[in-house]
Every structure is written in structure tokens, then in C-alpha cells.
Amino acid sequence: MASKTHIILVTLLSILSLLAYNSVYAQLSPNFYATTCPNLRTLVQNAMRQAVTREARMGASILRLFFHDCFVNGCDASILLDDTATFTGEKNAQPNLNSTRGFKVIDTIKTRVEASCNATVSCADILALAAREGVVLVSLNAREMTALSGGHTIGQARCSLFRTRIYNETNIDSNFDTTRKANCPATGGDSNLAPLDSLTSTRFDNNYYKDLVARRGLLHSDQQLFNNGSQDAVVRTYSNNNAAFASDFAAAMVKMSNLSPLTRTNGEIRRNCKVVN
């Protein structure tokens, strides 16, 4: 069963990762770069392996970068664009400012891909592939890989984002509350970090949902998923059933990847992901 689940998840993630910009047929295909850039996956894998080896948190950071890109007008890599005198983009918008990270990793991958396959692979596809490889690298094996655990199963959050939760809310475990306050004072320490998953913050698993059931959700928005509401039963199911969570999350990832991808002349293959050609 574990082996079958692993195969299904990897297949879905492969489909997700190639949001190919097809200027001829305007279609999405998981094999789009098979002939035009056959070393693409290897280039991305190697770069992501180096990045995650240097900092295990980077797998989560790249996945979050992909999420934030897709949820604003689709998966178009617009979050990678730098602001200019005449353009204000997503990179420094309030939800992303001093929060989204991993841009240099994407720049490194893009440079290597351009050297191998000039003006061929879109920045959106590079970001999606990097997110996929980040997930694989921190998942380790089929048993631990419960598919993508909502994005918050790995990574960390800044004190300024969860201070209100630990000081003002009551639906929180007292021991967890005390632990988090030790590193997040009522004033100051805004950039202090705490893991989003208190048990295994650098691995993909379903412990994030176990935290919610135990009232150990770090962010207000996290704990709202299990707070005597309509999603309590779903969260409890995921906390007890890896297979159910894996299936649902993989399907949601595929659906998200289809949010208005740019095709034909609606998009472009940026030579540098930080600027429009």
C-alpha cells in the first residue's frame, strides 16, 4: 500500500510540476520539455538538493513561494518579479514582505537551465518543479510521505505572525502556549521563528493535523480548521489517516496548478525571472 501511494503521489506531483507554456498547441503536458530541455529535472533536482542540504527549511520556503504565486492570478511566476520605478509587483506586497524566501535558489536554477536550454523553460515551470523537488527531498520515504500536508507541515513562522494567537486566544494548549511565549515576547522579537509543525517541522507528514487536534496550531488561521467548526471531522480524519490526507492534498495541488496558466502569446519565457523581457 505504501509503495502504491508513493507512486500515485509522485505521478501527481510530476503533472503539477510542469505547467508547460506551449506556444504551438496551448496545452499543458508533463512531457513538454522532454526533447527541448531533457536535463531540466536533473538540473532542478541538483540545485534543490544543494539548497536543502545547506538549509532544510528551504524545501518549505520554495513550496510556500509556489503557493503564494499561484493564488494571485494563477501560477505565472509573477511573485519573482522585482519592483521597478513603473511597476509594483507581488514580491514586496504585505503578505510576502520579509516572509516569502528562496528567490536566490530560483535564480540559481534559472541560470543553470538557461545555460543548458536557452529561452526554453518558463519561470513558472521552474518554480513549480523546484517546489516538487523540495517536497521529495524532505519526504524521505513512502511511509513518511503523506503527500503534501497542507503546506504548513514544514517550515517556520515569524513571531509577529503568531503573537496575537499565543497572547490573546484561549483555544490553545497551555504547555504549547508557554513554550512559544518563551521565544516570542509580548513586544519585540518580531523576527523570532517557531515551527509550524511542533513535532517534525522539517519533514512532510500529518503531524500538523495532530497539532491542531491537540490545540497546538501556531497560527490563528491554522487552529480555525479545528475549532468546533465544519472542518473538525476532516482534520481529525487527516490526523489519523495518512492515505486520506495524501489523496486529497495531491488532488488539490493539481487543481491549484491549473489556475489560469499562461499559454501562447499570453505569457513569455523570461530570461531572468526577476524582470520582464
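Each Cβ is built from the backbone N, Cα and C atoms, and glycine gets one as well.
Residues or ranges marked as disulfide bond in TrEMBL: C37-C117 (among others).
Other C-beta atoms found within 10 angstroms of the C-beta of R64 (site 'Transition state stabilizer') number 22, with every protein chain shown included. The site 'Transition state stabilizer' feature in TrEMBL is assigned to R64.
The feature active site, proton acceptor is assigned by TrEMBL to H68.
The feature Ca(2+) 1 binding site is assigned by TrEMBL to D69, V72, G74, D76, S78, E90. Cβ neighbour count for E90 (Ca(2+) 1 binding site): 20 (other Cβ atoms within 10 Å of its Cβ, all protein chains included).
Here TrEMBL flags C70-C75 (among others) as disulfide bond.
Per TrEMBL, the feature disulfide bond maps to C123-C273 (among others).
What TrEMBL lists as heme b binding site is H152. Under 8 Å, Cβ to Cβ, and six or more positions away along its own chain, H152 (heme b binding site) finds L196, D197, Y208, L219, D222.
Among the features that TrEMBL reports, Ca(2+) 2 binding site is placed at T153, D197, T200, D205. Residue density at T153 (Ca(2+) 2 binding site): 29 other Cβ atoms are found within 10 A of its Cβ, drawing on all protein chains shown.
The C-beta environment of C159 (disulfide bond), restricted to residues of the same chain at least 6 apart in sequence and closer than 8 Å, consists of N183, C184, P185, G189, D190, S191, N192, L193, A194. Taken from TrEMBL, the feature disulfide bond applies to C159-C184 (among others).
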Taking Cα-Cα distance, which of the recorded positions C75, C117, C123, T153, D205, C273 are within 10 Å of D69 (Ca(2+) 1 binding site)? C75
Please work out which residue of D69, D197, D205 has the most C-beta neighbours within 10 angstroms of its C-beta, and give that one of the binding-site residues. D197
List the Cα distance (Å, whole number) between D76 (Ca(2+) 1 binding site) and D205 (Ca(2+) 2 binding site). 28
Given a separation of at least six residues and a C-beta threshold under 8 Å, show me what packs close to C37 (disulfide bond) in the same chain. V113, S116, C117, T120, V121
